Amino acid sequence: MQLNSTEISELIKQRIAQFNVVSEAHNEGTIVSVSDGVIRIHGLAECMQGEMISLPGNRYAIALNLERDSVGAVVMGPYADLAEGMKVKCTGRILEVPVGRGLLGRVVNTLGAPIDGKGPLENDGFSAVEAIAPGVIERQSVDQPVQTGYKSVDAMIPIGRGQRELIIGDRQTGKTALAIDAIINQRDSGIKCVYVAIGQKASTISNVVRKLEEHGALANTIVVVATASESAALQYLAPYAGCAMGEYFRDRGEDALIVYDDLSKQAVAYRQISLLLRRPPGREAFPGDVFYLHSRLLERAARVNAEYVEAFTKGEVKGKTGSLTALPIIETQAGDVSAFVPTNVISITDGQIFLETNLFNAGIRPAVNPGISVSRVGGAAQTKIMKKLSGGIRTALAQYRELAAFSQFASDLDDATRKQLDHGQKVTELLKQKQYAPMSVAQQSLVLFAAERGYLADVELAKIGSFEAALLAYVDRDHAPLMQEINQSGGYNDEIEGKLKGILDSFKATQSW
């Protein structure tokens, strides 16, 4: 078969008409320098602040410095094989992490990838790590409690849902223990928890995860990990990633609790990044925006009103408020709370729990110093019974501290002073609590009632612990319905007062401690 020239030219014209060129524009640049996880890129003309930049080897960097002729970015992951001259591309996306109920019970890294060997995540979607905090109109006042299970905290420094309460103290004073016990105490409360470990040893984090699992609290907890061996960029971003995971529950009308352990290490990681990016250093060599580093993170912890939740869920959830409660941890050096980062975080948060080395070494654990620990908004969230019974405890301890200092110089003391000193010592002993042994509202209320109404007056100081243990065993055995009623209602009236008095009178008669 022969084709003439006309047919050939027609076929060629048809093929040309059908030919479709799909052009794909890439904003591409070249690495001009690599140093300690920070790369400088030339040629990225349309790069956003915080944008993900695609690197060779399925890795990403985040653009932090946008300069006239170059972009400074931090690499998320290993950077030893990156070299000058390598091509990189803008992605047009801000960093996002997986969020949803499928993350509960899982251990993930800063980027949301599972590291617990339990298979892939079943996430509900993705959320940007950087988000704007809810506005003033979208918030609701804090009036519901978060029970930590610690007598000294729930009585004197109460925490409310949507509050930011700082845990501050030197190393080895029980900061992490307090936060982990608060998470364990939420296993039956319906509050979802997020634990963010920043710059810690992998063995320490493994121990925390094991303890959460042993006490049945891992099932409603997400653990976000950026170990000490990971890059400064991942340590800097870990709290924001954890916050995005917690906001998923807040925005859907649920309650969540997030622990940042600890923000001192995040500030150090951010200082390292900033100095490598050649940003001008300020006080203690921190960059000028280190206050904003923590304020934009902690302002995202809030209680949002029902209108906000309804608008966010497009009407699916109605009449429910959501909350994200934050427990940031700060490590001080030799008890110096006037250093740069501690003062910043104290001014941002709604109160602080100050843990003291001297108290810890004296066996008073949790080592809470009630004198300078404060909760600025939690009082409104306390249950009625705790509010009624805790006032006397704080006063007794304040008077005891004052008299204890004075009595060191006075040889002879009158009976009233001796009684106050004795009462203060017994209350201090009563507030001691073992780790991983959180107490219910009813148990705390009963113990505080015993202290306030003078039932400890004839109990020896050395037997306060056994008195408490025997009392709790007695009520669990013989008065469980009353304990259940107090736990559910949190109310306080003459009837409940009479019942508590009756329980203590009958228990004291047994002399079983």
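Think of each number as a place in line: the chain as shown, counted from 1.
Each residue, glycine too, has its Cβ placed from N, Cα and C.
Here is what Swiss-Prot says about this protein:
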type: BINDING; residues: G169, D170, R171, Q172, T173, G174, K175, T176; note: ATP binding site
type: SITE; residues: S373; note: site 'Required for activity'
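Between the alpha carbons (Cα) of G174 (ATP binding site) and S373 (site 'Required for activity') lies a span of roughly 15 Å.
D170 (ATP binding site) sits 15 Å from S373 (site 'Required for activity'), taking the C-alpha atoms as the reference points.
Take the CB of T176 (ATP binding site) and look out to 10 A: across all protein chains shown you find 20 other CB atoms. Highlighted in sequence order, E331, L355, T357, F360, A367 have their Cβ within 8 Å of the centre of the Cβ atoms of G169, D170, R171, Q172, T173, G174, K175, T176, the residues recorded for ATP, and are not part of that set. Of all Cβ atoms in the protein chains displayed, 21 besides its own lie within 10 Å of the Cβ of S373 (site 'Required for activity'). Each of the binding-site residues R171, K175 was ranked by the number of other C-beta atoms within 10 Å, and first place falls to K175. Rounded to a whole number, the distance between the Cα atoms of T176 (ATP binding site) and S373 (site 'Required for activity') is 17 Å. In this view, the densest Cβ surroundings among the binding-site residues Q172, T173 belong to T173, judged by other Cβ atoms lying within 10 Å. When secondary structure is read from DSSP and collapsed to three states, K175 (ATP binding site) falls in the helix class.
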